[in-house]
Amino acid sequence: LHSAVTRIQVQRPGFNYTFAHICILNNDKTCIVDDIVHVLEELKAARSSNRTNFAITYPITHLKDGREVYNGHQLGGVTVHSKDRVKSAEAIQLTYYLQAINSLNDMVAEKWESIFCDTVELFQKSNRKVKMYPFTSSSLKEDFQKTSRVSERYLITSLALVVTLAILCCSMQDCVRSKPWLGLLGLLTVTLATLTAAGIINLTGGKYNSTFLGIPFVMLGHGLYGTFEMLSSWRKTREDQHVKERTAAVFADSMLSFSLTTAMYLVTFGIGASPFTNIEAARIFCCNSCIAIFFNYLYVLSFYGSSLVFTGYIENNYQHSIFCRKVPKPEVLQEKPAWYRFLLTAKFSEDTDDSEETNTYESHLLVWFLKRYYCDWITNTYVKPFVVLFYLVYISFALMGYLQVSEGSDLSNIVATATRTIEYTTAQQKYFSNYSPVIGFYIYESIEYWNTSVQEDVLEYTKGFVRISWFESYLNYLRKLNISTGLPKKNFTDMLRNSFLKTPQFAHFSEDIIFSKKYNNEVDVVASRMFLVAKTMETKREELYDLLETLRKLSLTSKVKFIVFNPSFVYMDRYASSVGAPLQNSCISALFLLFFSAFLVADSLINVWLTLTVASVEFGVIGFMTLWKVELDCISVLCLIYGINYTIDNCAPLLSTFVLGKEFTRTKWVKNALEVHGVAILQSYLCYIVGLIPLAAVPSNLTRTLFRCLFLIALVTFFHCFAILPVILTFLPPSKKKRKEKKNPENREEIECVEMVDMDSTRVVDQITTV
């Protein structure tokens with residue numbers, strides 16, 4: 001396999017590049033390859049010469065030239081005899097290092113990586129007894145973007161389901177008052193806003209990434225609820241009013257809360273899109289979400305508002321809600337076939353007396369269900385104890401999950417499932433978790449290496465590690481020569497340069513020491529490096545992160561100035577910031593929202609209830625998310641931030657209606673709040689859940705995390721809106737008895753209504769009210 005890899009050629013005009021042309025070179029101008037390759041070559045030579053005394057030790061072995069080499073990260077699944085002698089190994093890891101010093105070299109290296117993967121897969125077909133897992137510097141990026149490609153047909157299915165349900169949710173048996181087009185146009189409004197944001201991001205040179213898959217669902221939850229709330233407000237208006245007045249009432253009733261929740265979305269995601277966020281993918285996601293939400297607000301005001309006016313005129317003219325055809329009077333319909341009467345069923349205003357006028361929309365299934373059954377059932381005295389008990393069970397399980405929260409740094413959590421990244425990281429975790437990767441320990445100051453106390457300090461800092469170090473080898477070299485380690489400076493540097501580094505088994509350490517000449521030809525060691533390896537357990541990621549933090553703290557407090565580095569630390573840093581930065585931003589945005597809303601809400605109790613509800617929802621989502629094996633990573637934290645806004649979106653109108661209600665009882669206002677806002681919440685929830693379901697089938701860990709988090713947010717919020725809040729609000733503040741306003745019979749106003757009507761119909765075209 002190694003020979004096949006080194007023979008790979010990248011064809012360019014006039015020249016064919018091989019591994020030898022683009023590899024990183026040693027001091028002797030040969031390609032750097034893993035030491036395990038040299039071990040295997042010596043093993044092969046020993047076998048061909050029938051020598052049986054050749055032994056490989058683990059994790060440090062000795063080559064024929066006397067060199068000590070570390071193979072802990074190159075041999076995996078090792079079984080050893082006594083004295084660390086290797087009996088067998090289940091896995092070998094080979095790493096090839098390429099240069100990227102200019103654009104041409106970078107392009108050739110990228111092409112070489114692509115051919116490398118094809119070569120390994122071709123080699124696998126002819127050697128089926130050995131499993132091979134290729135992985136390159138571009139594999140993670142390719143597999144991350146693969147999520148978008150494998151999600152396409154599932155997203156189309158999701159869109160079809162949401163369109164169907166949105167139309168059904170806005171339909172009713174009455175063909176005049178039914179609004180199927182508004183369901184479709186509401187979804188079109190959300191889609192236009194999402195596409196506008198995507199277009200702006202593309203035009204401004206933004207980069208697409210797979211986290212964008214969450215943006216349509218952010219928009220679906222916020223945008224559809226706003227349109228359904230407007231439609232719900234339309235149902236509360238009087239049918240004898242002019243379309244202008246009905247539309248004005250709709251905007252006055254629903255747009256204030258929609259404007260406030262939109263502002264909260266913009267603040268939350270705006271902070272996420274700011275320089276405070278140090279993760280580019282999260283920053284672009286928040287920026288795109290901000291643009292989409294802003295344009296959704298404009299489109300709801302303009303496009304959807306105009307659509308509502310248009311369908312309002314269709315309703316006022318008694319035209320069919322789908323075909324826009326004039327609906328005949330009941331006496332004319334009696335002469336038509338049954339199917340014709342079914343399609344054109346409508347209730348005319350002259351057939352409805354004053355007592356029935358407010359119930360013309362009750363033929364809508366969800367309105368009828370909430371008003372006739374659910375509101376009375378959930379506020380029933382015998383139901384409340386079971387709801388409270390269920391809430392206590394909910395808190396118990398949420399607490400159990402919350403205490404087990406784990407922070408995720410596994411790269412496989414953000415890519416599609418059947419990919420090279422998943423296969424490679426799984427195999428690496430299985431076979432190569434005994435030792436950490438090689439960690440570079442760089443001393444970047446001139447210290448007194450010849451001083452015994454300094455030597456003890458350096459050895460103390462690296463205590464507990466397997467050391468691949470010129471420093472320790474030099475001390476052992478001196479001990480073998482029976483020379484004291486406390487040498488004078490001149491003797492130390494002379495022996496280091498002229499004896500130690502010229503000895504064959506230590507010659508490779510010459511790259512680890514930097515000398516500089518001073519006055520009078522005096523030589524000083526200005527910098528040096530050594531390599532450390534830590535023993536790890538199965539929880540490799542957590543231990544690596546702890547190791548990184550320990551070494552960093554040590555580097556800040558130690559007498560010797562040093563830095564530590566390993567390429568895997570890049571992902572550890574990203575892992576730390578992927579959780580910390582979004583949580584920090586969410587806390588900032590939450591504090592700002594509380595301060596902001598304190599000046600806007602009409603009653604401080606609304607703020608209190610909203611804060612408690614958001615805390616309860618987020619606590620439950622985190623707990624159940626953990627029980628569902630979702631780790632706290634960048635994707636889940638972004639979903640939790642969105643969950644704050646989603647909860648406010650659905651619960652704020654409900655709480656506002658209840659708290660601001662005067663007279664009557666708590667139970668009466670709970671029922672009223674559910675009747676007024678419950679339909680919009682239920683319609684939005686059903687469309688949202690139906691849209692999420694296809695995501696569960698996408699073969700990607702990223703979409704799996706997205707689905708589980710968003711599904712839990714929607715489910716827990718729905719549970720609070722329709723069960724917890726309606727029950728708890730019936731026996732907790734505010735008290736309605738103290739809020740009654742005394743009526744003064746002397747201050748009654750006499751109101752005279754003057755109506756102007758068409759001569760040819762009984763429909764009102766305008767209304768003038770005088771007091």
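Numbering starts at 1 and runs along the chain as it is shown here.
Glycine is treated like the rest: Cβ placed from N, Cα and C.
Remember, TrEMBL labels are computer predictions, not curated facts.
Listed in TrEMBL:
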type	residues	note
DOMAIN	151-310	domain 'SSD'
TRANSMEM	154-174	transmembrane segment
TRANSMEM	180-201	transmembrane segment
TRANSMEM	208-228	transmembrane segment
TRANSMEM	248-269	transmembrane segment
TRANSMEM	382-403	transmembrane segment
TRANSMEM	582-602	transmembrane segment
TRANSMEM	608-628	transmembrane segment
TRANSMEM	676-698	transmembrane segment
TRANSMEM	710-732	transmembrane segment
* Asked: Excluding the flanking five residues on each side, which residues at least 6 beyond the ends of the transmembrane segment (382-403) place their CB within less than 8 Å of a CB in that stretch?
  -> 619-620, 622-627, 719, 723-724, 727-728, 730-731
* Residues of the parent chain within Cβ reach of the transmembrane segment (154-174), under 8 Å, 6 or more residues beyond its termini -> 180, 182-184, 186-187, 213, 216, 220, 224, 228, 231, 345-347, 360-361, 363-366, 683, 686-687, 690-695, 697-698, 703
* Are there 3 or more C-beta pairs under 8 Å linking the transmembrane segment (208-228) with the transmembrane segment (676-698), counting only pairs at least 6 apart in sequence? -> yes
